[in-house]
C-alpha cells in the first residue's frame, strides 16, 4: 500500500544540505509491516468516526428531552458560539504547527468555509512570518478551479484568520490509502487537474515547492484543490533558489543536495512522484532511513511495474529525470499523448494572442481597488508597460484577466464563451485607459500622473490627454473600418499586431518625415472597446528606442455616427461607431469632425507636432463617422 513516512516528519525537517547531516531513523521495514500500519491507520480513523457519531447521537438525544431545557440549552450553545467577522466557527477540521483549521458558517448565506487560525505568537517564535505572508499574498490573488480559494483575511491582536474555500472530500493521500492504486482513467483525471493548477502557478511566477498528496484536497465531486502555499516562492528571471523545501519523499535531487534550482523543475519532479503514487499506490522513492532515501532519490532509479503502459513509463522517466536540464517541463507534460487523452477544455483555455493584446480596463480598475495596493490606474499602466514582468501590479492584473477566462470546472465551454465577462455592477463610467506600447516600439514608458500622491518628478509633468473612439462592435469589425479609413485617406501604416498599428501621412517630399501616431484597441468593459489615438512625436524626438516620454493625446466621449461605405461579403453588417469630443482645457477643436483633409500650411511653414497629430485624428474620425 501507499507508505508515506514524511507525513509525520515533514514539519520537523526543512531540509538543506546533504542527507547524511539529518538524523537517521530506523532501517527499512518489511512491506508486511507497512500494510499493518496502513490497516491500523484505517481502523483508528474508523474508531474516531464511530466515537464522533456516538457523541453526536448523545447530543441529539439531550436536545430532544422534554420540558423547557431544550430551548435553554440551545440558547446557551448560541451564546457559546465564537464569531469572527461574518463567520460562526464550528468543529475543528485539523490541527497544524501554527494553529487550527475550523469549519466556519457564513451567518447570512449559511455557506461553509474553512477558517485557518494562525497564532501570532507561534508564528513569531517559529520565525515563519515570511512563509505565512507568501501564502496569503499568493492565495489572495489565485483564482483557479483547482487551487484552494482565499476569500478574506481577518487580523486580531492575537491571531490571523484566513477564510478559505471549504472542501469536504479530504486529502488525496487518504483517498489513495483507501483505494490503493487507481484506474488509469481516474489517475489521469486527477493528474490533469493537478498539472492545470501547477501550470497556472508557474505562468504567474509562483512555484509551490511542497506538492504532495497531503496538500491536494478533494471536493465533494472528487475534484482536486491545491492547498498550502506556505513554502511557495516568487520566481525571478536569473535568480536561483537554494532553500530545501517540502517533504523528502517528493523532493527533487537538487533540493535535497542543497544545489541551486530555478523553481518550476522541482514542482515537475513532485508531480512525477504524485503520478507514480496515483498509478501504483506506492512511492517511487521510499525508505525509513533518511540517508538511504536520499541516495535512492539522487540515483533516480525506481521500479516500474509491468501493469504500467509504455507511454506512462516514458512520461514518468522524463519527469523523474535526475538532471533538471533534461527533465520534462510543464509544457512537455501537457503535450504528452497520454496526458492529452480525455483532456477537458476548461483546464487549458486557449489564449488568443490578438485578444490578449487588448488591455482590459475593468481588470486595471479591479487592481486599483485592492486595499493593500492603494494605487492609481496610471501606476498599474506603468507596471504593464514596464520591463519587469514580475511586478506585483502586473501579476495582479494578469491573474484577474485569467480569472475571467477560466470557466467553471464542471462546464465545457467554447473558446468564445471564455471571453464573456459579467461585470459585478454593469459597465461603469469610462476612466482614462492604460496605454500599452508593443516592445518593438517602446521598451518602457513613464506615464505622467495626475494624482497628488505621485512622485515629485512626475508631479511636474503636464497632464495627459487621451483621444479615442468607443464602439460596441466586434474588435475585428472596428479594425476593418480603421484600415478602410486609412486607405481612403491615403495614409501609410505598419501593423504591430491585428489591434495595434503605427500610422502617418504619406510624405510630401522624399526628405519629409511626417509625425507618426499609434492606434491601439482596448477593451473597456464587457460590451465595448476603445480605439486609442496616441502621438509618437515625443518618442521620435527622443531616441530610436523611445524608452519614455510625455505624449499628447486627449479624451473623447462620443456621439453616435453611422459608418457608410462598401464592405466585402465576408464581413458582418456595418457597425455602429460612437465618436465625439469632450470639453477641452486648452483649445476648442469643435471643427475637428470636418469631412475633408486639412490643406497644407500656407507658406510651407511646419505645423507643430501636436497640431499635426490633432489634424490626423480629425481626418480619421471624420472619415470613420461618414
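Here the Cβ of each residue, glycine as well, is placed from N, Cα and C on the backbone.
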Range annotated as region 'Disordered' in Swiss-Prot, from 513-540, 541-568, 569-596:
541-568
Which candidate in 184, 243, 448, 452 appears in Swiss-Prot with the annotation phosphothreonine?
243
Based on Cβ atoms within 10 Å, give me the single least packed residue among the binding-site residues 93, 95, 101.
95
Sequence-distant neighbours of residue 99 (ATP binding site) in its chain (C-beta under 8 A, six or more apart):
116, 117, 118, 119, 122, 159
DSSP three-state assignment for residue 210 (active site, proton acceptor):
coil
